[in-house]
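Undergrad: I have a structure I would like to understand better, so I am pasting it below and will then ask my questions one at a time.
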C-alpha cells in the first residue's frame, strides 16, 4: 500500500433501501481492489443462482460474507483509489441495530457519503421523524465526520425519471436539516446519481445534462486529507482481539492519536494491563510505526486473548497512559427521548469502541446548545431538544478522555429503546489510579 497518496477512511451511510450496497459495490468494482478473477467467480455464481442481473450489490454481499467468516479477508477488497487518494470503506449498514456499529464505525471515518433514495415516498420515509436519514446525518456529525458528500440516488426511478425539480426539492429539504445540525454553513456537495446504471458516479450523466456539478469520484478526490494528531500520546481503541495460531494474541484497532511502534511497552485501560508490543501489521505488511488513521493488527507478549477485549484502549505506558474512569462531566444533547431524563438514568453509552452503561449521576445545569450559556442550575429533568451538563458514572470499568485532548475518545452516543436518544461531548474526566498486571516482557523493558 503506497503511503504517498492521501489515505481516507470513508463511511457510507443511508436509509436501509437507499441503494447503499449497489453504489458502494459500483465504486469498489470500478476503481477498487477486486481482481478480475474474483469478479468472474462472483459473476458465475450470480448467474448460477439466477441473480444474472448481477449488479454491484452482489459484490458487496459476497465480500461481507467472506469478511464475516474470518479475519483473513484481504482488506484491500474494501479499498478503491482515485487520482489523489486511497479510500478504505468502513461498512455502516442502514438497519436500526446497525446504528451501534455506525457509532463505533464513524468515529473512525474521515468522510461520509450520505446516500439518499430520491423515489417518491422513499426520500420522505428516510427524512421523517422515524426514518434513519436524520439519525445517520446526526450521528456522523456527533462522531466527528468533518466532510460529507450527499449522493441523491435512484434518479433513474420511474417516479423521478431524472427530474431536476425532484433533485432541487430534496437538496433544499436536506440542506435545511443539515444546517440545523452542523450549526454553521457548509458546502457539502449534492450529486444526483444512479448507483445501478452508474450515472454521475465516474462519468457525467447524459441523462442529467442540467447538472453541472462534479461526479461522485471527483467529489471524493476533492476531499481534504484530515490532519492526523501524530504528536499526541498514543490512543488505540480495540475493535477486536484474535488468537492466531503460531502468532499469538492479536488486538486489532485504529490508531486514533500518537504512534504505535514495535518494542513499545503498552498499557491497556481500563484494566491497567501492561505488556510489550512485538510487531505491527497493516494490510499484511509489517510496519515500523503506525500513525493516526491506520487500521492495524499488533502482537503482544504474555497475554491471552481473554485478557483483552473490544473497548479497551492501548496507550504508551511511558507517555500519559490511558486509565480507568471514576466519573466524567459531559455536555449532553437529548435528541429523541419520549419522556424526561432524570438523575439515576443509566442507559448504554457507545464511546469509541466501548459499549457500557453509565449513570446520569447529577444533572448540573441546563445549557443553550449553541452558546453553552447556563439556562438553569440543577434542573430536575431534561427532555428532547435540550442540552445539559451531566456528571456521569460508568457502571463498569471504562476508558474515556476529554474531547479537547483526545477527540475520538471524548464523544459518545446514548442508546436506549433501540435508538440514539442523546449524544454528548466529554468536558473533563476524573481518572482512577489502580494497580494492574505487568507482564514479564514489560518488566524486562523497565
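Glycine residues also receive a Cβ, built from the backbone N, Cα and C atoms like all the rest.
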Undergrad: With Swiss-Prot as the source, which of 153-156, 157-160, 161-164, 165-168 is set down as region 'G4'?
TA: 153-156
Undergrad: Using Swiss-Prot as the reference, determine which range in 83-86, 87-90, 91-94 is annotated region 'G3'.
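TA: Matching range for region 'G3': 91-94.
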Undergrad: Select from 70-74, 75-79, 95-99, 100-104 the stretch of residues annotated by Swiss-Prot as region 'G2'.
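TA: My reading of Swiss-Prot: the region 'G2' range is 70-74.
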Undergrad: According to Swiss-Prot, region 'G1' applies to one of these ranges: 6-13, 14-21. Which one is it?
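TA: Matching range for region 'G1': 14-21.
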Undergrad: If we skip the immediate neighbours and take only residues 6+ beyond the ends of the region 'G4' (153-156), which ones have a Cβ under 8 Å from one of its Cβ atoms?
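TA: Same-chain contacts beyond the flanks: 14, 18-19, 23, 115-119, 122, 162-163, 167, 192-197, 199, 205, 207-208.
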Undergrad: Since the record lists 14, 17, 20, 155 as binding-site residues, which of them has the fewest other Cβ atoms within 10 Å of its Cβ?
TA: 17
Undergrad: Give me the DSSP three-state residue breakdown of the region 'G4' (153-156), ordered helix, strand, coil.
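TA: Within the region 'G4' (153-156) the tally stands at 0 helix, 1 strand, 3 coil.
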